[in-house]
2 protein chains.
Amino acid sequence: MELWFSERHTKNVQFSIRTDKQLFSAQSPFQRVDIFESVEFGRFLTLDGYMMLTEKDEFIYHEMIVHPAMAVNPDIENVLVIGAGDGGVARELTRYASVKTIDVVEIDEMVIDVCKKYLPQTARGFDDPRVSVLIQDGLKYIRSVEDRYDLIIVDSTDPFGPGEGLFTKEFYGNCFKALKDDGIMVNQHESPFYENDAIAMQRAHKRIVKCFPISRVYQAHIPTYPSGHWLFGFASKRYHPVGDLDEAKWNGLKLSTKYYNTKLHAGAFALPNYVWALLKDVE
Amino acid sequence: MELWFSERHTKNVQFSIRTDKQLFSAQSPFQRVDIFESVEFGRFLTLDGYMMLTEKDEFIYHEMIVHPAMAVNPDIENVLVIGAGDGGVARELTRYASVKTIDVVEIDEMVIDVCKKYLPQTARGFDDPRVSVLIQDGLKYIRSVEDRYDLIIVDSTDPFGPGEGLFTKEFYGNCFKALKDDGIMVNQHESPFYENDAIAMQRAHKRIVKCFPISRVYQAHIPTYPSGHWLFGFASKRYHPVGDLDEAKWNGLKLSTKYYNTKLHAGAFALPNYVWALLKDVE
């Protein structure tokens with residue numbers, strides 16, 4: 001039997017994965033949730049038909065959304081994670097003994113339940129007692145929070161559907177307010193390559209630049225996302241993402257990582273000229 | 001009408017591009033040669049059904065296979081290019097006034113003719129009087145050359161079919177011999193992500209390490225190649241690819257590039273841990 005999952009990266013580009021089985025499929029109040037089994041990527045989660053993570057390459061996304069900020073400020077204690085119902089961000093954060101609280105605010109309980117059942121590789125992030133899960137709209141949650149977090153990680157879906165509000169100026173402004181004086185916000189920033197992704201990336205960057213004094217973008221190779229060239233935003237009240245990197249301290253922690261290292265950290269912020277041009281356009 | 005070109009990146013992963021028209025298709029003595037027209041990527045060239053280049057993203061590959069070596073040794077004068085029948089490597093090299101001769105050795109004349117007709121964006125590289133084209137097997141050509149080139153660029157197809165010999169120890173040894181005392185060899189090095197590509201990458205790296213005192217690997221985001229995470233090998237008799245980078249001199253040339261810059265140069269050599277591990281395995 002041939003069973004292929006296909007995602008349109010644009011209306012003219014399609015990426016397809018041979019699957020063994022569809023392990024789960026349901027409509028939550030927010031989105032369609034599916035889990036597939038595949039030979040190439042292991043299990044993978046899709047939301048509304050868009051690839052969220054595969055067992056084979058989720059380590060890249062989760063390491064790169066967590067470790068750069070932790071290496072810039074090793075004193076981070078209180079972290080807010082918005083989205084990330086798969087548990088992968090929490091898993092990486094729990095590796096730091098210095099982290100005291102991790103609040104995960106996920107709008108869709110079904111994502112958490114399904115990941116706990118089918119994707120224990122990421123969902124074990126929820127097992128740590130420092131992790132609190134709040135089933136709530138992150139956009140609303142953040143409105144009432146002030147001066148509480150050292151780090152906010154916005155692990156949103158794409159800027160349409162339930163994740164849409166997480167790309168607005170109101171939301172970024174509230175993140176600023178929820179952060180302490182030396183707070184950092186990291187968000188997934190879409191991709192620079194295909195036109196619609198690049199427009200979303202520029203829109204997010206423009207809004208973040210208006211809210212934070214320091215706002216830089218870094219990149220990673222994530223093969224199962226459109227174009228494989230994925231960006232993250234590093235926004236901060238005080239720390240420079242490269243100048244304030246404490247290489248020795250982070251390396252002293254002896255964390256074993258498969259993608260991230262402190263040399264790559266600086267390299268990830270060295271963007272291609274065409275990406276710089278897209279960012280400069282909106283700064 | 002729906003007309004899709006599809007390439008299997010592995011037997012379980014497929015990448016498809018909506019095409020408007022097939023502009024050319026023929027069997028040469030070496031391989032099947034096709035040119036397609038598409039909305040997303042402009043025209044693209046495939047050999048034996050494998051993506052070689054698209055008008056949209058070829059700039060990334062061609063800038064990254066040429067400029068890092070030129071920035072490390074700005075005195076490069078005589079260059080050998082093996083493969084590269086599309087002219088893209090020659091085009092980037094001709095931008096340097098200091099380069100005196102560019103010998104392009106391509107086994108398949110049909111590739112050159114077809115690219116001249118359908119892909120003038122890359123094939124204009126052949127128009128410069130410093131470029132000499134030799135229709136010959138690069139593997140044979142290199143055997144008789146000694147101490148002649150400052151730079152050899154191996155723009156091979158994949159390590160099967162006509163490009164197979166360009167991944168052998170004999171070939172790399174002959175490249176070493178054909179280079180001057182401070183010569184540099186750059187080769188396309190496949191990808192670290194999918195298993196078979198990673199094995200080919202390791203095999204090439206192992207052989208190059210045995211032939212050259214300095215052998216490093218660097219990366220670029222090339223969306224239309226498998227996984228989008230593509231590697232290049234930088235092998236050298238004398239120059240270190242990062243330590244000997246002459247940033248000021250290269251920037252003084254005022255070349256306008258869309259991907260490469262000298263900050264990205266250093267970043268491109270900062271590989272993810274899992275790629276380091278694959279390379280260390282065979283060193």
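Cβ from N, Cα, C; glycine included.
Under the DSSP three-state reduction, B:ASP155 (active site, proton acceptor) is assigned to strand. Sequence-distant contacts of B:ASP155 (active site, proton acceptor), defined as residues of its own chain at least six apart whose C-beta falls under 8 angstroms from its C-beta, comprise B:ILE65, B:VAL81, B:ILE82, B:GLY83, B:ALA84, B:GLY88, B:VAL89, B:GLN188. The active site, proton acceptor annotation in TrEMBL covers B:ASP155.
A 10 Å cutoff on Cβ-Cβ distances gives B:PRO162 (S-methyl-5'-thioadenosine binding site) a total of 22 other Cβ atoms nearby, all chains included. As annotated by TrEMBL, S-methyl-5'-thioadenosine binding site applies to B:GLN31, B:GLU106, B:ASP137, B:GLY138, B:PRO162.
Residues annotated as spermidine binding site in TrEMBL: B:HIS62, B:ASP86, B:ASP155, B:SER156, B:THR157, B:ASP158.
The domain 'PABS' annotation in TrEMBL covers B:2-237.
Cβ neighbours within 10 Å of B:ASP158 (spermidine binding site), excluding its own Cβ and spanning all shown chains: 20.
Within 10 Å of B:SER156 (spermidine binding site), counting C-alpha to C-alpha distances, fall the following of the binding-site residues B:GLN31, B:ASP137, B:PRO162: B:PRO162. Residues B:GLN31, B:GLU106, B:ASP137, B:GLY138, B:PRO162 make up the record's S-methyl-5'-thioadenosine site, and a Cβ search at 8 Å around their centroid adds B:PHE30, B:GLY83, B:ILE107, B:ASP108, B:THR157, B:GLY163 from the same chain. Recorded residues B:GLU106 (S-methyl-5'-thioadenosine binding site) and B:ASP86 (spermidine binding site) have their alpha carbons 10 Å apart, per Cα-Cα distance. For B:ASP158 (spermidine binding site), the nearest of the binding-site residues B:GLN31, B:ASP137, B:GLY138 in terms of C-alpha separation is B:GLN31.
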